[in-house]
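A.B. asks: Pasting the relevant annotations from Swiss-Prot:
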- GLY10, ALA11, GLY12, LYS13, GLY14, THR15, ARG127, THR136, TYR137, GLN199: ATP binding site (BINDING)
- 30-59: region 'NMP' (REGION)
- THR31, ARG36, ASP57, LEU58, VAL59, GLY85, PHE86, PRO87, ARG88, GLN92, ARG160, ARG171: AMP binding site (BINDING)
- 126-163: region 'LID' (REGION)
- CYS130, CYS133, CYS150, CYS153: Zn(2+) binding site (BINDING)
Amino acid sequence: MNLVLMGLPGAGKGTQAEKIVAAYGIPHISTGDMFRAAMKEGTPLGLQAKQYMDRGDLVPDEVTIGIVRERLSKDDCQNGFLLDGFPRTVAQAEALETMLADIGRKLDYVIHIDVRQDVLMERLTGRRICRNCGATYHLIFHPPAKPGVCDKCGGELYQRADDNEATVANRLEVNMKQMKPLVDFYEQKGYLRNINGEQDMEKVFADIRELLGGLAR
């Protein structure tokens, strides 16, 4: 079961990744984790990636693909994998397809957790944090008993600067522009499966299970 998981910030991708990994026993492979592991192991590609990252540069695709290849060749990926955060571009998607063919594998599905922008805005701008004790709330999913007041210590709740509407809208726009060509690419290839991410998280996972045939471990 070889999967790629896609979704904009706030779509609930992390939650669904955890559920897929628990149900199917395949490793959750994120770009950040891959880079950190390769650098820790001191592999030639890991050391190359570290040089770029230490300079604040983007890691070139050929290095990233090499690290992905090394990761997918490990024993825990023999029954499948869940790629998250990679590929990010059509060039990376094409390179991934070539690399998988080289090792005799191919993708089964690209799962796209689809949520409208207005719903994402609501989710991402709803976070509130207590100035006093740091407790986290959400205006929709975990509201305080009294608006603007922390349940735990009575402190004032505030919205972080990076959670305000202008910042969130810009982040979503950047991500949407980056992701749309990738969605189109995988749709043309026949791998893409859209899952309605506006439902309850258990219903979202039920839809994913149905797509994957409900074959839990």
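Just so it is clear, glycine is given a Cβ too, placed from its N, Cα and C backbone atoms.
Where in this structure would I find these features, and how exposed are they?
C.D. replies: Counting Cβ atoms from all protein chains shown, TYR137 (ATP binding site) has 20 others lying within 10 Å of its own Cβ.
In the region 'NMP' (30-59), helix, strand and coil residues by DSSP number 22 helix, 1 strand, 7 coil.
Across the range of the region 'LID' (126-163), the DSSP-based residue counts are 3 helix, 13 strand, 22 coil.
Around CYS130 (Zn(2+) binding site), a 10 Å sphere centred on its CB holds 20 further CB atoms from the protein chains shown.
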A.B. asks: Under 8 Å between C-beta atoms and at least six apart in sequence, can you list the same-chain neighbours of ARG127 (ATP binding site), or say none if there are none?
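C.D. replies: Result: THR136, TYR137, HIS138, GLN159, ARG160, ASP163.
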A.B. asks: Which binding-site residues are spatial neighbours of VAL59 (AMP binding site) here, meaning Cα within 10 Å, out of GLY10, GLY12, GLY14, CYS130, CYS133?
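C.D. replies: Those close enough: none at all.
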A.B. asks: Of all the binding-site residues given, GLY10, GLY12, GLY14, which has the fewest Cβ neighbours within 10 Å once its own Cβ is left out?
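C.D. replies: Ranked by other Cβ atoms within 10 Å, the binding-site residues GLY10, GLY12, GLY14 bottom out at GLY14.
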A.B. asks: Which entry in the list of binding-site residues, ARG88, ARG160, has its Cβ near the fewest other Cβ atoms, using 10 Å as the limit?
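C.D. replies: So among ARG88, ARG160, the binding-site residues given, the one with the fewest Cβ atoms within 10 Å is ARG160.
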A.B. asks: Taking the Cβ of CYS150 (Zn(2+) binding site) as the centre, count every other Cβ atom within 10 Å, in any protein chain shown.
C.D. replies: 22
A.B. asks: What is the interatomic distance between the Cα atoms of GLY10 (ATP binding site) and ASP57 (AMP binding site), given in whole Å?
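C.D. replies: With distance taken Cα to Cα, ASP57 (AMP binding site) is 26 Å from GLY10 (ATP binding site).
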